[in-house]
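Here the structure comes first, spelled out in structure tokens, and everything after it is commentary.
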Amino acid sequence: MSPQTETKASVGFQAGVKDYKLTYYTPEYETKDTDILAAFRVTPQPGVPPEEAGAAVAAESSTGTWTTVWTDGLTSLDRYKGRCYHIEPVAGEDNQWICYVAYPLDLFEEGSVTNMFTSIVGNVFGFKALRALRLEDLRIPPAYTKTFQGPPHGIQVERDKLNKYGRPLLGCTIKPKLGLSAKNYGRACYECLRGGLDFTKDDENVNSQPFMRWRDRFVFCAEAIYKAQAETGEIKGHYLNATAGTCEEMIKRAVFARELGVPIVMHDYITGGFTANTSLAHYCRDNGLLLHIHRAMHAVIDRQKNHGMHFRVLAKALRMSGGDHIHSGTVVGKLEGEREMTLGFVDLLRDDFIEKDRARGIFFTQDWVSMPGVIPVASGGIHVWHMPALTEIFGDDSVLQFGGGTLGHPWGNAPGAAANRVALEACVQARNEGRDLAREGNEIIREACKWSPELAAACEVWKAIKFEFEPVDTIDE
């Protein structure tokens, strides 16, 4: 060993392994306005103290690795490291803690959800010292928010484009989701739109399969839109799914949709990826297309309470990446979603400023600094009897989407659409008159049945349909 090497080793670098908490657990740290803050639900392995587990999360999701490295001396760890600054036990759990981590903003590329998630929810989730790890919430600082375009248009611009105000929008997913020819698919869209719906929708797994290639579907759906608009005098739309195997193909499909003059396209943002989604959102803003977002694959990530990532984080990420609608659960339908928790992330999608509210699962105050809002879409196992509850829970700035609840009507698609439209208009009118939708909902629907045979038939078919299962993911007591 040369004398120069000996001198450097003796003065600075000390090889070996040391506890993460010696560097990354800093309870005295005062968070900065520019920090990205994260709340992790941490379940350590037996024998691992929570301080070490929380520090390990901060280290492995920022600058740290399993051993000391000499290149630490070539940068400022104090400037760039993540810090576990607070730990609190989870009520009712013996071995779970909420660990709060602050990340300096310089760790992340501007305008890139992909880069943000690669660090914060990257390899650390496979760390052996942790039995389980879940990201519960993120605080995105205004300094980072302003590097994102966000939704292509937002709620108010969509209202203005559609010229529809004062009520939720109505949609329908075309069923069966796979197997129809393009012409029959377009016919189903036309019947639903003519019957009174605002939108019809491709299901998330409708891309370009042998039974129905994307270009044929786009053409027949555009024909359905224009025909229904001419007959009803209302602006109509169909969520044309542009999701594809490559970004180039996805943009090609969006370009064709724009050439057809339709108002909206669709993307599966988790399976498609955040880079693809952000690219499509930029194209949609530049070319006047609304963007509907489906969350296929979300439950793989967010359903288990002790591991993965809560949907409120995926919802925030979508607002940053870009989308005008996103599926959010229904509370009352067939899919997972507790009421207060769902309303918490619905507010995070729509509102400009959201206060911390642990009772609704919101760990941090979030200021979106005028980033456009996203319309939540309630979809999955809902029908006309749910209309009062959906109107009361989600309010006007929402899309209520009835697939089977439209196409399953005994008289056909158009009567199914009419039944939903009548039920919605009745609920909105009753609410505007001061009636209590939660208490009087069934009575309101029965009254409307007297002057709508389509609604009466729908009510008879689905009068006994319920999905009464306890949610897996609940708010901590």
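Just so you know, glycine gets a Cβ as well, placed from its N, Cα and C.
Keep in mind that this is a model prediction, so the values were computed, not measured.
Substrate binding, as stated in Swiss-Prot, involves Asn123, Thr173, Lys177, Arg295, His327; the candidate among Ser76, Ser370, Ser379 given for that site is Ser379.
Measuring Cα to Cα from Lys175 (active site, proton acceptor), the recorded positions that fall within 10 Å are Asp203, out of Asp203, Glu204, His294, Arg295, His327. In this structure, the C-alpha atom of Asp203 (Mg(2+) binding site) lies 6 angstrom from that of Lys177 (substrate binding site). By a simple count of nearby Cβ atoms, those within 10 Å, the most crowded of the recorded positions His294, Arg295 is His294.
The Cβ of Asp203 (Mg(2+) binding site) has 18 neighbouring Cβ atoms from other residues within 10 Å, across all protein chains displayed. Sequence-ordered, the extra residues of this chain that approach the Mg(2+) site, with Cβ no more than 8 Å from the Cβ center of Lys201, Asp203, Glu204, are Thr173, Ile174, Lys177, Asp202, Asn205, Val206, Tyr239, Asn241, Met266, His294. Secondary structure at Asn123 (substrate binding site), as computed by DSSP, is helix.
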